[in-house]
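A.B. asks: A single structure is presented below for examination.
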Amino acid sequence: MKLFVPALLSLGALGLCLAAPRKNVRWCTISQPEWFKCRRWQWRMKKLGAPSITCVRRAFALECIRAIAEKKADAVTLDGGMVFEAGRDPYKLRPVAAEIYGTKESPQTHYYAVAVVKKGSNFQLDQLQGRKSCHTGLGRSAGWIIPMGILRPYLSWTESLEPLQGAVAKFFSASCVPCIDRQAYPNLCQLCKGEGENQCACSSREPYFGYSGAFKCLQDGAGDVAFVKETTVFENLPEKADRDQYELLCLNNSRAPVDAFKECHLAQVPSHAVVARSVDGKEDLIWKLLSKAQEKFGKNKSRSFQLFGSPPGQRDLLFKDSALGFLRIPSKVDSALYLGSRYLTTLKNLRETAEEVKARYTRVVWCAVGPEEQKKCQQWSQQSGQNVTCATASTTDDCIVLVLKGEADALNLDGGYIYTAGKCGLVPVLAENRKSSKHSSLDCVLRPTEGYLAVAVVKKANEGLTWNSLKDKKSCHTAVDRTAGWNIPMGLIVNQTGSCAFDEFFSQSCAPGADPKSRLCALCAGDDQGLDKCVPNSKEKYYGYTGAFRCLAEDVGDVAFVKNDTVWENTNGESTADWAKNLNREDFRLLCLDGTRKPVTEAQSCHLAVAPNHAVVSRSDRAAHVKQVLLHQQALFGKNGKNCPDKFCLFKSETKNLLFNDNTECLAKLGGRPTYEEYLGTEYVTAIANLKKCSTSPLLEACAFLTR
């Protein structure tokens, strides 16, 4: 980070010694009024002795994005559409702070995109063709991306023949779309009011630019409809009698009063956000600056300078006037995760051909964790005729993120990860079902899931080892945050010891996903070359059920936390792997919570807990389609599928338990549409919630922000 010597405040200060260097944030502005406000902010912050700010001037938002990427500026506030652009190559900026709207009692990090019309104008949303339109600016959320995404079916747009702007120019009789190329699309600048070169400008030099500008375009009678945000009418017309002259167009082709925006809007849009570089981005310094600024100059804090206010005749300089403050965005959240899958889908719909959009909706993108799962997924994709395609990530958390972004649709998860995915807004779709002795006559797909037994396994020869003497022993875990391998045993241990120091109970462990430098990774081996040690995927030799049991079988650890089936699947000749083919079931014992030990045949009376079955999760808007496709896929490639084993088997792996557990008989339907809490059960959810009090994860922190 660069240090600088602040300029002396006045000539009278020349006799003073130079001040100590202070860290500086270079704020990017896109107009003369913004630059003047920034300079006033700069002066106020100097008086506080807080983080210093200097003001950088550029012509429009994209130039600010470039300046930040090139380290010629550090921060700027952007609308969601520009947050998306900023996050793309080559800029790779990320949002670091979100504006907060609403009220102090009910703060929100989103706003509503609305279509405003004058009362008495006789048309609905599906009758906009041939009308005159007012937009905040090209590429902006409420003014362009959302309405064009909704109007796309009416645009007669042939993607291969012309850009979207050309279709919009033909759809409306005239428009004002600031930031557009007025030479290429004169019709989209026809209503704009700027003079000369300023007509259609991407700043307040165009009077109809931005939210208030687009509404003024409607007020002045230039346009028939203004695409703005829900607060625009209230900010420009404080009197109810004046507001009553306007209405909102609703998606169901009705109209509503302007104060009914929660029921009548085009979309819910993420807040404007401050963006910075994702590497060397001065995030902490920017947040320190914003925190101090909102503390001193936020709503109703100061008469001399208002951070969320603009001079008469101006609106939304630097920040939206309607903002109440800022909320820091967790480091795990990039631009795509911040905007969310629905917003990103709208963007994709405007960038892809109709055929591409249809193909994206038809297929299911499965997320594979690690290279071995990716290999199996690609085989599945090929055999499915591309009805299933593959995305891949190195960790389960990263796969969950891909589903949240809409870059993948589904994956199969252990109960611990179902908890995380549920906290992030994903829903269970289908559950793994094993053979049942209780309901053997029922169709597997319709049979209730019974859960599985989480157990602690030790060598029979290690005679003195019981549940009560595990302290300072060596442990083998499937992975951090997984049910049988982590959540259940560590939850029990935390309850017994009252300590959250996970890495102090056992002398050494292999818990893939833990800090590689900690004791919890000391026993992990990585791949055949010793690389990727302790990663939570199949590159780590001791990852997963089979890996944790192997860690015990090879005398690396004293105890393995797995499921009951794991012992049976890897002993008495059930596995052909070199390390397992000579293992005898009788050589292992289960640890019971009462301090006794029992043979592995007695798991029903000697286990740590009954765990919920693994289940497929997806976004709620894709759940029904994912379910339909998977049921068809298992009819082809399931245990009794017509193409298994000849072509491909979903529930069979070259190693163990790739994509699905190998002992899965079928993917079963769930009764109704259960939430993740209903699927996991209150007892299990409570246990994990208590465990998470010890240590949360970056993904859970991110999702707590995204779902607030």
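Yeah, the Cβs are placed from backbone N, Cα and C, and that goes for glycine too.
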A.B. asks: According to Swiss-Prot, the disulfide involving Cys189 connects it to which residue among Cys200, Cys202?
C.D. replies: Cys200
A.B. asks: For the Fe(3+) 2 site that Swiss-Prot assigns to Asp414, Tyr452, Tyr545, which of the candidates His477, His607, His614 is also assigned?
C.D. replies: His614
A.B. asks: What does Swiss-Prot give as the disulfide partner of Cys521, choosing from Cys500, Cys534?
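C.D. replies: That record, Swiss-Prot, gives the partner as Cys534.
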A.B. asks: Could you tell me which of Cys217, Cys250 is bonded to Cys264 by a disulfide, according to Swiss-Prot?
C.D. replies: Cys250
A.B. asks: Within 10 Å of Tyr545 (Fe(3+) 2 binding site) by C-alpha distance: pick out those among the recorded positions Tyr111, Cys189, Cys521, and say none if nothing qualifies.
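C.D. replies: So far as Cα distances go, none of the recorded positions lies within 10 Å of Tyr545 (Fe(3+) 2 binding site).
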A.B. asks: Across all protein chains in the structure, which of the recorded positions Cys55, Ala142 has the highest Cβ count within 10 Å?
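C.D. replies: Counting Cβ neighbours within 10 Å, the top one is Ala142.
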A.B. asks: Rank aside, I only need the closest one: which of the recorded positions Ala142, Cys264, Asn300, Cys424, Thr478 has its C-alpha nearest to that of Cys524 (disulfide bond)?
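C.D. replies: Comparing Cα positions, the candidate nearest Cys524 (disulfide bond) turns out to be Thr478.
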A.B. asks: Would you say which of the recorded positions Lys92, His272, Arg482 has the most Cβ atoms within 10 Å of its own Cβ?
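C.D. replies: That would be Arg482, with the highest Cβ count within 10 Å.
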A.B. asks: Sorted by position, what residues of the same chain at least six away from Ala484 (hydrogencarbonate 2 binding site) have a C-beta under 8 A from it?
C.D. replies: Asp414, Tyr452, Ala454, Val455, Thr478, Tyr545, Phe561, Val562, Lys563, Leu608, Ala611
A.B. asks: Other than its own, how many Cβ atoms are within 10 Å of the Cβ belonging to Asn252 (N-linked glycosylation site)?
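C.D. replies: Excluding its own Cβ, the number within 10 Å is 11.
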A.B. asks: Compute the average pLDDT of the predicted model within the domain 'Transferrin-like 1' (25-352).
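C.D. replies: 94, rounded to a whole number.
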A.B. asks: Helix, strand or coil: which one is Cys367 (disulfide bond) in, per DSSP?
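C.D. replies: It is in a strand.
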A.B. asks: Quiz question: given the disulfide-bonded residues Cys264, Cys424, Cys510, Cys606, Cys703, which has the greatest number of C-beta atoms lying within 10 angstroms of its own C-beta?
C.D. replies: Cys510
